[in-house]
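Peer 1: Sending over a structure as structure tokens; questions will come in a sec.
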């Protein structure tokens, strides 16, 4: 089987590379940049919009819960910030392995393999989600151990049980998004997300304000908002929207699960270490003395930074698709060029936002607060916010290159060293020992991100893209299944 798949893939890659090279030779640099930019934005724009919409669902829920009462708001915030973000990081990270598999298979025109990879990822992520469930079931003791007050924990335990159902939405959400992104078909996700956000506002008002159902109403609307786009995505994938890449359910999805799990695990490590890093910033600053105003200002800065991260994560998705597609095609120059265009596009946006936030300084805080003291503190922190935005315009893109090329295991070790062995210790020293408080912790963590970005930049610049194509070819050969074995696998065995 491997030999047959290898010969087929090698022949296909040779043909595609030759054709791609001839086409590229006839184009000038401006035309190449324009064509690559269009391919990049086809994936990036819907991805960015989808992430804003999904983030908006949580903000809408938070707003309505805040009108129920301060205890409910505190309980909602802690469960979403600590529990859901923890599971979200694990599942998003593990799902990113699908980007490598689907992207390279699509580039190599092994279209039938995308559906098999998708189903394997469903199995792996569903098993992982079940393993995470005890965190939500026993959320009470966990939150008490983190120092939360009893009256908040009592409400948080109820919300945590609702989050179990929301947690399972991440399985089809992340996998179907990546499956569609690999084919540049993710516009449908953006449309559905926009409609869902509007409906969520209406249902939240109806259940929380009009019928006064409290937390039950807010969480019911949130659950519907999380599940609705997933149902549409699943119907789109399985009902004819992806005829070339979805050939039906197959028993082959249950084979070769261990290699998929290992790749998913390394991907999970890479992404988790990044997502949890920002959460640790909040935990560390929360223990500083006399830092109430600074922490309020930090919360505003983190919210602004989170919104900018939606753009960066959109480019992460786009460049991972472009790099994996070109490697699958056997086009090393295309993968390299896609990386360059993505980095410079994202960096250009980051530079604009960098100067905007340096200019706005404390004025941005009045969107969130009327406190003059908090505004002054935001102005003091604004240079750090601006540099965070600048670094976040490059670092996620390089992580996207790693996903597209399948370097997740290496980047996980880089993240561990730069973030947790370098950034956090430096932040602790500057914040607690030197006495720089919140600024010191943030400077230390920015230092970790800067070092990580430098390492990833050097790693990308020194990449032998021809060798990377050979590695991708070997991976494709290892995973490939002849189409004849895939077709109607379940029905034939029955």
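Glycine is no exception: its Cβ is also placed from the backbone N, Cα and C atoms.
Features from Swiss-Prot:
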TRANSMEM  40-60  transmembrane segment
TRANSMEM  78-98  transmembrane segment
TRANSMEM  123-143  transmembrane segment
TRANSMEM  159-179  transmembrane segment
TRANSMEM  188-208  transmembrane segment
TRANSMEM  217-237  transmembrane segment
TRANSMEM  268-288  transmembrane segment
TRANSMEM  299-319  transmembrane segment
TRANSMEM  340-360  transmembrane segment
TRANSMEM  384-404  transmembrane segment
TRANSMEM  416-436  transmembrane segment
TRANSMEM  441-461  transmembrane segment
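Walk me through where these features lie, including what they touch and how far apart they are.
Peer 2: Outside the transmembrane segment (40-60) by six or more residues, the chain places 80, 177, 181, 184, 186-187, 189-190, 193-194, 196-197, 200-201, 204, 222, 225-226, 306-307, 310-311, 313-315, 317-319, 321-322, 338, 341-342, 345 with a CB less than 8 A from a CB of the stretch.
If you look at the transmembrane segment (188-208), the same-chain residues 6 or more away from its ends with a CB under 8 A from one of its CBs are 45-47, 49-50, 53-54, 56-57, 60-61, 64-65, 67-68, 176-177, 180, 214, 216-218, 220-222, 224-225, 228-229, 232-233, 236, 241.
With a cut-off of 8 Å between Cβ atoms, the residues of this chain six or more beyond the transmembrane segment (299-319) that come close are 40-41, 43-45, 47-48, 51-52, 55, 99, 177-178, 181, 278, 281-282, 338-339, 342-343, 345-346, 349-350, 353, 357, 364-365, 368-369, 374, 378, 381-382, 384-385, 388-389, 392-393, 395-397, 399-401, 403-404.
Only residues 6 or more beyond the boundaries of the transmembrane segment (340-360), in the same chain, are considered here, and those with a CB under 8 A from a CB of the stretch are 33, 36-37, 40, 304, 308, 311-312, 315, 318-319, 322, 382-383, 385-387, 389-390, 392-394, 396-398, 400-401.
If one looks beyond the transmembrane segment (441-461) by at least 6 residues along the same chain, the residues whose Cβ comes under 8 Å of a Cβ in the stretch are 277, 280-281, 284-285, 288, 298, 339, 381, 384, 387-388, 391-392, 394-395, 398-399, 401-402, 407, 410-411, 414-415, 418-420, 422-431.
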Peer 1: Any contact between the transmembrane segment (159-179) and the transmembrane segment (78-98)? By contact I mean 3+ C-beta pairs closer than 8 Å, pairs at least 6 apart along the chain.
Peer 2: yes
